[in-house]
Amino acid sequence: MQRKIGVIGGSGVYQMDGLEDAAWTEVDTPWGASSDAILTGRLNGVEMCFLPRHGRGHVHLPAAVPFRANIDALKRLGCTDVVAVSAVGSLREDFRPGDMVVLDQFIDRTSGRPGSFFGSGCVAHVSLADPVCARLSDHCEAALRAAGARVHRGGTYLAMEGPQFSTKAESRMYRAWGCDVIGMTAMPEARLAREAELCYASVAMVTDYDCWHPDHGHVDVAQILQVLAANAGTAKAMITALPALAGGGLAPCPCGCDRALDHAVMTARDKRDPALVARLDAVAGRVLG
Ligand SMILES: CSC[C@H]1O[C@H](OP(=O)(O)O)[C@H](O)[C@@H]1O
Ligand SMILES: Nc1ncnc2[nH]cnc12
């Protein structure tokens, strides 16, 4: 058995080129429809799945992205690894527009988004202390460096609710909290990927300085699109390099991502809600089955 790599494309990344036997596939999930159909195929001999987070044509607001359906669908298609690509604002001087950040921490300021696959009738608590897979992040870093990108390894992402951008007071507060970048979508995506026992890495492209920087104008969509267009090749080159780096055999994940549920489920077998357990077939069937 080989690894299968999922890619979630963020703002500006709605397509994946170069797949052999490429086909857009609709996946039924117990959590509703995913953001769009999923593009499946092979790249350099490795099975890949690509899902545009906001849908082709950018139709979903950040808060309305069907995060559970997206993660379930990728797991259901057999992905072992998921690389998420996002556009972010920078909260520090030395993270410049066009730079790439291989994230390692998140602070969640979103509200009201369904944030777990589990619930009454099947309660589970996974660790999020290290919310990304270090091995997959290594591969992303190597792929970005090979593509000639300016790369920062490690960074804390502030997930805001949006869709409006931040006020200056919020932006300054997030800087004081030690956050490095800001966006609207990495949460609850990262939480759900952990519950689904996926190796998950999060790669952010800096598009702006949000609104805190005295020497730069306030962020707007035109500026973000311009930076995304100018640097589109970087994300594409990273994705193209991933199969050779991350597409090996199915050895256990050294970080334990693939065993996240080993000691997580609290609800006694005889108290579990059969309907919820059935919905969890793809995500948690390994431990509930
Ligand atoms: C394009 S402006 C803000 C929008 O871009 C980011 O999306 P993604 O994380 O999917 O790349 C940000 O989170 C907002 O959703
Ligand atoms: N400044 C910003 N705030 C929130 N999301 C973003 N995505 C890109 N830039 C952003």
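Cβ coordinates come from backbone N, Cα and C, glycine included.
Keep in mind it's a predicted model, so treat the numbers as computed, not measured.
The annotation phosphate binding site is assigned in TrEMBL to Ser11, Arg53, His54, Ser86, Ala87, Thr185. In the three-state DSSP assignment, the secondary structure recorded for Arg53 (phosphate binding site) is coil. Note on Arg53 (phosphate binding site): other Cβ atoms within 10 Å of its Cβ, all shown chains, come to 25.
The substrate binding site annotation in TrEMBL covers Met184, Asp208, Tyr209, Asp210. Annotation for Asp208 (substrate binding site): same-chain Cβ neighbours under 8 Å, separated by at least 6 residues, are Gly89, Ser90, Pro97, His216, Val219, Gln223, Ile224, Val227.
The annotation domain 'Nucleoside phosphorylase' is assigned in TrEMBL to 4-241.
The feature site 'Important for substrate specificity' is assigned by TrEMBL to Ser166 (among others). Annotation note: Ser166 (site 'Important for substrate specificity') sits in a coil segment as assigned by DSSP. Within its own chain, Ser166 (site 'Important for substrate specificity') has Gly89, Met160, Tyr174, Ile182, Asp210, Cys211 as residues 6 or more apart in sequence whose C-beta sits under 8 angstroms from its own.
The secondary structure of Val221 (site 'Important for substrate specificity'), as reduced to three states from DSSP, is helical. Here the Cβ of Val221 (site 'Important for substrate specificity') has 11 other Cβ atoms within 10 Å, regardless of which shown protein chain they belong to. Taken from TrEMBL, the feature site 'Important for substrate specificity' covers Val221 (among others).
Cα-Cα distance from His54 (phosphate binding site) to Met184 (substrate binding site): 12 Å (rounded to the nearest whole number). DSSP gives Ser86 (phosphate binding site) a strand state. Averaged across the domain 'Nucleoside phosphorylase' (4-241), the predicted model reaches a pLDDT of 97. Residue pairs drawn from Met184, Asp208, Tyr209, Asp210, the listed substrate binders, are separated by up to 15 Å at the Cα level. Residues from the binding-site residues list (Arg53, Ala87, Tyr209) with a C-beta closer than 6 Å to any atom of ligand 2: Ala87. Rounded to a whole number, the distance between the Cα atoms of Tyr209 (substrate binding site) and Thr185 (phosphate binding site) is 18 Å.
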